[in-house]
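Colleague: One structure, as structure tokens, below. Some questions next.
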Amino acid sequence: MADSAVPYSLGPSARASSTHRVATGTKQTSALKRRDASKRQAELEAALQRKVESERRAVRLVEQLLEENITEEFLKECGMFITPAHYSDVVDERAIIKLCGYPLCQKKLGVIPKQKYRISTKTNKVYDITERKSFCSNFCYKASKFFEAQIPKTPVWVREEERPPEFQLLKKGQSGCSGEVVQFFRDAVTAADVDAYGAFDAQCEPASSSTWSERASDERASDEEGPGFVSSLLPGNRPKAVGTKPQPHRQSSTVKKKAAQKMTSKHGEQTVSEVTEQLSNCRLDSQEKVATCKLPAKKENTQISSPGPLCDRLNTSTVSENKHSVSQVTLVGISKKSAEHFRSKFAKSNPGSGSASGLVQVRPEVAKANLLRVLKDTLTEWKTDETLKFLYGQDHGSVCLQPSAASGPDEELDEDDISCQAQNTLDETLPFRGSDTAIKPLPSYESLKKETEMLNLRVREFYRGRCVLNEDSTKSQDSKENELQRDPSFPLIDSSSQNQIRRRIVLEKLSKVLPGLLGPLQITMGDIYTELKNLVQTFRLSNRNIIHKPVEWTLIAVVLLSLLTPILGIQKHSPKNVVFTQFIATLLTELHLKCEDLENLAMIFRTSC
């Protein structure tokens, strides 16, 4: 009992001591926490201070790099305390103040181009010169990019524990680049891609017949909807084949039809070399099909079998394909629409290729007849009485020939021509030519007499001041006035201004061809311009007879010059005229014309209108 009563009596003191120990431990723990928190805060403030100081130091270095006379050692030291973004700011700021973007260069920037791209004819590449504009030369641009690539990308405030990198600078004399190369397409298909594609197909399961039939139908549909023009061989600028998922739809149609069927039948028995050999054979066979394919025509079916540019191109492409790798070229199919278009182009390019060239070429006789007919019609429309008065004076009727009434010396008139001529002469004598005026019946004599008396009476009353108009007549006059007010007429076209424009056009065209004709005559354009202008002012010009080809204008100038020769005072048998005659004869020979043709054109101005 005594033993058990001792702890019971010590209970309050023990509880007090334990409470004191707990309170003491809590105070110590809180003190440690406050100490750790203050320590962490101090460390955080120190880290933040280092970060701010590092950023300030980087900004100061950026400002110092904007100055001139920067040494290599200083630039290398700055590379440890800046980032690529800071260096880009240095380049931009130096470009703004018209300094070269490379800190070691002290040159000024000249005229900065405004374009974004530059095409190099030496390398056949397109360069993006957006960043290149900030440098004075290609070397400075390359040296700057070389130094920028060595700058660490880590934050500047964590580099104290890192090992400083060893910066290297480009030496002078090393070539630079014009900018970043613009990639318009991916790399071409290589032999490794073809081998990988063949090995993967050899491991794949054989495709079903329905799949190949669907692909064949798709290829036929694509052939029918082919492009407008065809090139037999194109450089193989296609994407590289992926090793896991090749895309057979992007390959050539011949590879789908022949090589794929053979590879699926043999599975994995074929090697890579055999697959490559089969691909080359398929391409050669498809070339023969393109060379001997039948081209559709509307009237008759023809086949290109004669030697021409197409056959030569296919032969050369076949030889080059045997020499080079198979994967460097890609075959393009030919469609029906493209074949027809190519056949027309082939016919135009080969003048002696049968009946197709006969449709394109025009015989010299036909061209000569058309030329003379156009010139004759034009000069006939131009000729007026004023033209004859200017050339031959007021009494041109005695000098000029009368136009023949008969249509031809050996032509006989039939009954229809005689009746037509009689009808024409009758129409000229009568005051009216048609039967439209005789549709209404003629008024009687009594009605005409009464109408005449009424008119005389109204005239007498008008002079006496007693004339009173009827309501119907006044209404009709008012309605006519209203109609005139409602429907204003447009101003007439100034025909004289139109003629002035046409005369100016004719004089400009003649002024372009006359200097070459006036050389043998040893006269200038100013000597004949006044007479030529006066002659053109007498022409009857329209919007159709002033449009001619250069050859036609040359012949027109020759005709007009022959008409103005007497007015200019050039004698017929003078040495100048003899040289001019020889020159004109040479010109007519080149145009497949004769002197008689030129005389016939000049005879138009020697006949009366």
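Quick reminder: no glycine exception, Cβ is built from N, Cα and C everywhere.
Heads up, here are the entries from Swiss-Prot:
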- 1-37: region 'Disordered' (REGION)
- A2: N-acetylalanine (MOD_RES)
- S9: phosphoserine (MOD_RES)
- 15-31: compositional bias 'Polar residues' (COMPBIAS)
- 77-160: zinc finger (ZN_FING)
- C100, C105, C136, C140: Zn(2+) binding site (BINDING)
- 208-272: region 'Disordered' (REGION)
- S222: phosphoserine (MOD_RES)
- S476: phosphoserine (MOD_RES)
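Explain the structural surroundings of these features, please.
Modeller: A mean pLDDT of 88 is what the model gives for the zinc finger (77-160).
Annotation note: C136 (Zn(2+) binding site) sits in a coil segment as assigned by DSSP. Annotation for C136 (Zn(2+) binding site): same-chain Cβ neighbours under 8 Å, separated by at least 6 residues, are C100, C105, K107, K108, L109, G110.
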Colleague: What kind of secondary structure is C100 (Zn(2+) binding site) part of, going by DSSP in three states?
Modeller: coil
Colleague: Give me the sequence-ordered set of same-chain residues, not including C100, C105, C136, C140, with a C-beta within 8 angstroms of the centroid of the Zn(2+) site's C-beta atoms.
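Modeller: My list of surrounding residues reads L99, G101, Y102, K107, L109, F135, S137, F139.
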